[in-house]
Amino acid sequence: MIYTKKNLKISTWNINGYISKGFNKFEDDIFVDNLLQQDIFCLQETHCDLDNCLELPNFQRPVHLIRPRTKPSGKRHGGLSVYILNTIRPGVKFLEHATNDFIWLKLDRTFFGFQEDLYICFVYNPPENSSYYRKLDYNILEMIENDIVKYSQSGKIMIAGDLNARTACEIDHIQMDSDKHIPLFDNYKCDSSLIQRKSKDSSINTRGRQLLSLCISSSLRILNGRTMGDLMGAHTCFQPLGSSVVDYFLASEELLPNFTYFHTHNFLPDFSDHYKYIWDDNSVSAFQDAINSNEIKNFIRQYKDKIYDQDSINNAAEDLNKIFLKAADLSLKKIIRKPKNARRRKLKKNREWQDQDIIN
């Protein structure tokens, strides 16, 4: 069997618990409809037991990573759930995992028509000051980096999820890289000259520096802030003390041309304090139609007529990105309503742990 679609829609979302103030997000139409539009998606911080995980009719073999209950409260924290659309499930293999903090998927190159296999790691890396993280005797990013070394020998890499890393606008590659000056391995690949990514988060932390180091050593690049749809590096997490960028998509440098559109979803505070990320190149035609609409053409004319000097080049980039975002909103055609007004849908609960999917 060969997958005939030309694109995939992949998303990741930290939902900050499936229940909030007595409201069950899994029973909400808007929440569920957002997920049904994806081919592959990962929910982080589900806080679920195995008997109350979300079940969707077109995603019949999800995999759930469940943390033990904390003491003495007995509450669940963390948790990952990964869903694969039934029609593409034969081309996806879940790989063995050593912890419940991240999981790897292998997308078969023959099934999907790729030049190489694609290895996707969905991850939730808890805050460094959390009690759970302080008790760990391993470093999650180091474990992922070891896996990257192994899997990159036979395919390309993608990392997605809440990494709780703040990287500001620091570079994630070697600038002006060259193999002309010192002896190097024959298979050394120089980093390409990439556009400087942007971020609305100006802070950097220890975890962020570790993530940047991983990007440089593994030839991975951050999509946030340098990909169509998110050229300014939108905030992904909103807390009372401020906003930040802590959720990321990373990909092998050679994959960057394949990401035609990358969208940070509208903020839905009733569902989560995190944005949802979507790799949505299926919306390319809709986006092109929106760009050609009279409304967007009018914005473009105004942009062309406006004069920017050298000192306001950042303003020019931000104004241009606003036009792209307006076009994206037109193409998505989504009406965001308050969940309390939404029609409730009762969903059956998944009561079976799909362990065989982990060790295919």
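Glycine is treated like the rest: Cβ placed from N, Cα and C.
As recorded in TrEMBL, the features of this protein are as follows:
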type: DOMAIN; residues: 12-274; note: domain 'Endonuclease/exonuclease/phosphatase'
type: BINDING; residues: Asn14, Glu45, Asp162, Asn164, Asp273, His274; note: Mg(2+) binding site
type: ACT_SITE; residues: Tyr124; note: active site
type: ACT_SITE; residues: Asp162; note: active site, proton donor/acceptor
type: SITE; residues: Asn164; note: site 'Transition state stabilizer'
type: SITE; residues: Asp247; note: site 'Important for catalytic activity'
type: ACT_SITE; residues: His274; note: active site, proton acceptor
type: SITE; residues: His274; note: site 'Interaction with DNA substrate'
Using a Cβ-Cβ cut-off under 8 angstroms and a sequence gap of six or more, which residues of the chain neighbour Glu45 (Mg(2+) binding site)?
Asn14, Ile15, Asn16, Gly17, His77, Gly78, Gly79, Tyr124, Asp162
Using a 10 Å cut-off, grab the number of neighbouring Cβ atoms around the Cβ of Asp247 (site 'Important for catalytic activity'), all chains included.
25
If you average the pLDDT over the domain 'Endonuclease/exonuclease/phosphatase' (12-274), what number do you get?
88
Provide, as an integer number of angstrom, the distance between the C-alpha atoms of Asn164 (Mg(2+) binding site) and Asp247 (site 'Important for catalytic activity').
7
Take the Cβ of Tyr124 (active site) and count every other Cβ within 10 Å, whichever protein chain it belongs to.
26
Over all shown protein chains, what is the count of other CB atoms within 10 A of the CB belonging to Asn164 (Mg(2+) binding site)?
23
Across all chains shown, how many C-beta atoms besides its own are within 10 angstroms of the C-beta of Asn14 (Mg(2+) binding site)?
24
